[in-house]
Amino acid sequence: MPELPEVETSRRGIEPYLVGATILHAVVRNGRLRWPVSEEIYRLSDQPVLSVQRRAKYLLLELPEGWIIIHLGMSGSLRILPEELPPEKHDHVDLVMSNGKVLRYTDPRRFGAWLWTKELEGHNVLAHLGPEPLSDDFNGEYLHQKCAKKKTAIKPWLMDNKLVVGVGNIYASESLFAAGIHPDRLASSLSLAECELLARVIKAVLLRSIEQGGTTLKDFLQSDGKPGYFAQELQVYGRKGEPCRVCGTPIVATKHAQRATFYCRQCQK
């Protein structure tokens, strides 16, 4: 599933082609996504794009009459293409732009979303989200306070959007490795110093992934059709049985609630 770096990479890739241009119309080939494509999107006409923003894993297209909320789901990607390029099997939504380009949404598993809202504030998919991990609001003191009474393992807690947004399975595993913290540690057992280190590491890992265009493991593509290159720098995720790049110990993989966790027994305590 695309996580924060992949969504931010998409935002940065599409923004120059959308802001200042006008959506002439939308083409919805298959509106049966995770939630049905909002009726307002079918009727879009002559709408200038004012901004392209991101909140958590949601892309937000600001128009004069409201907002398009896009979620990439499990396998979605957005590409900027020439308008004349014919769609392929899993190309479900196009925004046809005044500059001769089309924003094309591809989603083989159809678990993404295209929603419309007049006002962002209070929308149900955005209403209960925690702070952005790259913001000043997310820091060691905040993390320690939120972990203090939490009787759950630190990894699933990091992936809870009420704590912090956008830190999914890949980046939770990578950040915990970089901080030397075992993923099964109780959140409440982390010291303030460990929380400060973990908060710094999460920011660094996410920023590095954004620099590399995100992580492509299967479906994700950048807006220019290229894969994300952070997969080449993964330390533990997807490396079961391979030697740890630090100590040589084989990487361990476990599964809880259908999610795989990767870690090094030697480096993470």
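Including glycine, each Cβ sits where the backbone N, Cα and C put it.
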#### Entry: Swiss-Prot annotation, DNA site containing Arg109, Lys150 - matching residue among His90, His128, His182
His90
### Task
Would you please say which range out of 200-234, 235-269 has the annotation zinc finger in Swiss-Prot?
235-269
### Message
So if I exclude everything within five residues of the ends of the zinc finger (235-269), which remaining residues of that chain have a CB under 8 angstroms from its CBs? That is, six or more out.
### Response
155-156, 169-170, 173-174, 176-178, 180-183, 185, 217
### Query
Out of Pro2, Lys57, His90, the recorded positions in the record, which is closest to Arg259 (active site, proton donor) when you go by Cα distance?
Pro2
### Query
If you measure C-alpha to C-alpha, which of Lys57, His90, Arg109, Lys150 (recorded positions) come within 10 angstroms of Pro2 (active site, schiff-base intermediate with DNA)?
Lys57
#### Entry: Per-state residue totals over the zinc finger (235-269) - DSSP helix, strand, coil
0 helix, 12 strand, 23 coil
### Query
Looking only at His90, Arg109, Lys150, the residues listed as binding DNA, what is the longest Cα to Cα distance in Å?
42
### Query
Given the recorded positions Lys57, His90, Lys150, which lie within 10 A of Glu3 (active site, proton donor) by CA-CA distance?
Lys57
